[in-house]
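Encoded as structure tokens, the structure appears first; notes follow it.
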């Protein structure tokens, strides 16, 4: 029996992510157990880890650091242990070195780069809210079989600007390319919300559940 | 490219939809969860539930409707009606709403917008404005459009943005129910003032009414109730009409 730890640190999209992961497990034909937990020990024992997140970078970073032993456990399980990791929205942004939302807040530092306010020209609204097309930049197992011209749901005012272009798995066009997904080794992160992206989102989550980066 | 969102809106009272619903092949036409699923299958880009329940018991029922919808529909869900505080927002978000629309309470006390944005993030806070033409400007009405406030809609939209609203849901009281198209001058006045997304509401009578809200009015999304509920316009027809007029829509295969 394999388990997935969905980290509970007070994020608003926790339950949506849980429901979508259960549906994705059924789609993937996986009997993986989804463990919603704030317990670092249970995260350490899980086979896969998902970090949700919504809202404010600094709030989420503070929330995650407030959970006893969690950042050390994540470092050990994901960076040293190589367990497949998925960050969603601010959970993805937290992989960066720094968040620049209301001051400068350190992230987990797994992906070199910052999280900066998006400043599209041409009078485009911020937040970037709604369905946008994915432009795949990597041939990645988590991005397989999403159909022609896959669209996903975004809602954010900040986006990751990775230092290494090679870490960008997908972009979206919003007055220029913005980072939609990042990937390196056993790390994957989506700026958009797969848990709110209907069939495309469930397929992506199912791909993550079947992904073997080792 | 970001696509135009098409948002069916359901009025819910004591756990049942109240405006006429005429869906083919739907056994229980009054169940908002069944309707939400039908719209999900048709490729709605987002759903909006408006809770017009007056009673305390009805509120609990609404939370249950939101919960059951979120279990089955993996799409953005906005819930409005009777939201008075950040505590109400948190309760709705926990039940499965992604965004919460605040109307009368935000007008009566704009600090509520600040509190809600601090608690749920700007992306979760929609400020709903019901406006009616008054001379050369538009005045905000509250309490379901019954109560004039003397507040200028354009100025209030700017304040809502400053206070951290992530989106404006703009309903024209002059156009609502007329099926004569959205209020383009009102939309333009608001979208030229704020830089957050604006959802057009009130007046859609046909699929051809949708595109002008986007192309002329500058709206990011179009919300409608009766044209979808009565089956006058399917979501596929709405997508096609928008695309034909040059407003980008999400590709969706049913």
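Glycine is treated like the rest: Cβ placed from N, Cα and C.
Automatic prediction, not curation, is the source of TrEMBL annotations.
Under the heading domain 'Glutamine amidotransferase', TrEMBL lists A:6-209. Marked as active site, nucleophile by TrEMBL: A:89. Under the heading active site, TrEMBL lists A:193, A:195.
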Least buried by Cβ count (within 10 Å) of the active-site residues A:89, A:193, A:195: A:193
Residue A:89 (active site, nucleophile) and residue A:195 (active site), distance between Cα atoms, whole Å: 11
Cα-to-Cα gap, residue A:193 (active site) vs the residue listed as 'active site, nucleophile', nearest whole Å: 6
Coarse DSSP state, helix versus strand versus coil, of the residue listed as 'active site, nucleophile': coil
Where residue A:193 (active site) sits in the secondary structure, as DSSP reduces it to three classes: coil
